[in-house]
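Have a look at the structure below before the remarks.
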Amino acid sequence: MADKKNLRTPIVCVMGHVDHGKTTLLDKIRGTAIVSGEAGAITQHIGATEVPIDVIINKLGDPRLRDRFIVPGLLFIDTPGHHAFTTLRSRGGALADLAIVVVDINEGFKPQTYESLQILKRFKTPFVVVANKIDRIGGWVSQKDLPFAVTFKKQSEDVQARLETKLYEVIGELYNQGFAAERYDRVTNFQKTLGVVPVSAMTGEGIPDVLMVLLGLAQKFLEANLHYSAKGPGVGTVLEVKEEKGLGATLDVILYDGTLKKGDTVVIGSLGKPIQTKVRALLKPRELSEMRYESKFKQVNKVTAAVGVKISAPGLEGALAGSPIRVANEDTLDEIVDQIKSEIDEVRIDTGAVGIMIKADTLGSLEALVHEFQKDEVSIRKAEVGDISHRDAIEASTVEDPLYSVIIGFNVKVHPDARDFLQESTVKVFTSDVIYRLVEDYQKYVKEQQEQAEKRIFETIIRPGKFKILPGCIFRQSKPAVVGIRVLGGVVRTNADVMLENGNVVGKIKGLQIEGENIPSAGVGKEVAMAIEGATVGRQIKEEDVLYVNVPERHAKVLEHEIYDSLSTDEKETLDIFLSLKRKDNPFWAK
């Protein structure tokens, strides 16, 4: 049996789409009624709640389980969607030990569900899927607070079948996202298969099962990671920087290693030099209370990992959410300042080279956003924490390439003076609180820009064309020659030079007509009258001759190397033949 004293509480992050029941789930676990006091029943602030093992065992309803679990409890991070998970970072990794992904079993997967899964996959974080709102399945008879296995047996066969159908829709979508999954009580190996727990956060059905699975995951896969140095200096992550009445700027911090004491010197990441300050007060949430309710705090002299704590200290205004916080002494201060500065610098980007600008609200979300754009091989000129400022807008407006005259903003505001400037500029701004939506929106914008650029090129470029002079269709022999032709490939346009298969340029298309009407161009399969200036029938050209539009070398390069994929099949074939004719004498033509 491991030493319980040096085993910290596992940190659990609750993720999922808005209104799918994250806060209600935590509310049920805590036995408080926070949701009812919040706007729109959506969690507004980052909070952390410590749920001791005794409370969990009580929920499970079997005191004999107490000896099976050695973790001291669970520390839940309560936050909108996946945001805290990215904020809770540790040198590029995830700080949360476990996660719950809440999905409405009736609505299925939504944008932030996919976002949560992508982030968890990236950080290899063990998690459980909670299929919530089973009480809304037609005909479901609720059995308050009972384990799922018990309440499921009390339902009719029709209702059981309906639940299984909805459950397997969730499991199927998880499979599509690259996860093997099964109903939790059918899983034989949680290392290979995700457990899906059907619950009703509203009635409490299935909640004991969620707690049981979380404790099991912590015990089985995390025990080695949960050992901490009780006597060592405190190490944590800033969740949020908050102004508090009577205290000024404070930090909500998750301490994940060591001990933090009142009076300790701490170093915290900021946009400039790391902040060095002394802890004036430590405010700890009481067990089973939310960090954000100040009246429920108690002042303490020290805290030990893992814990959510509010820190009051001078000079915290510039602290960054998502940045590290570490206790230092005289001997370690300089080293820790350098470490924290280098960690912030690793995430921030200021290359001055060509690329987009990224702004995010926390260091963790900036890191996640940069990762996603770099994965797509998007060049980034600048990436930093903070709202979109007037200076950012001016800087982006100096970029000529529309693909890079772009500001991406995750969970940030646009300053009013910046907004006024941007309305008059060509800078494109994308803001959202879903990372992959920002990536998708930018990809869509790039595609639109490329299509517009191609369209402009198509309008100005001479495209490949191949045609045959039809027998019995010589209407005029010269000045200009007027002949009937059939377009065999590509497109023929007025004012384009034409050549024979031997490479000789014989004249210029001066006009095209169909049934007496002048037309600017004719595509494959069309039979039209063509006026060719500079050619004489019987000398340079004759019936049955096959001719090609003589595409200029500069245009041929663009066609072959830049817009080839956008050409039609017959245009590609015509271009290929034309290039092979040109390269008989000069293999490097238009290369």
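The backbone N, Cα and C atoms fix where each Cβ goes, and this holds for glycine too.
What Swiss-Prot records for 7-223 is domain 'tr-type G'.
Annotated region 'G1' per Swiss-Prot: 16-23, in sequence order. Within the model, the region 'G1' (16-23) shows a mean pLDDT value of 78, rounded to a whole number.
Cβ neighbours within 10 Å of Ile134 (GTP binding site), excluding its own Cβ and spanning all shown chains: 28. What Swiss-Prot lists as GTP binding site is 16-23, 78-82, 132-135.
Sequence annotations record features per position, and here Swiss-Prot assigns region 'G2' to 41-45.
Here Swiss-Prot flags 78-81 as region 'G3', drawing on similarity to another entry.
Helix, strand and coil counts under DSSP for the region 'G4' (132-135) come to 2 helix, 1 strand, 1 coil. Residues or ranges marked as region 'G4' by Swiss-Prot: 132-135.
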Helix, strand, coil: count each for the residues of the region 'G1' (16-23), based on DSSP. 2 helix, 1 strand, 5 coil
So if I draw a 10 Å sphere around the Cβ of Gly16 (GTP binding site), how many other Cβ atoms end up inside it? 28
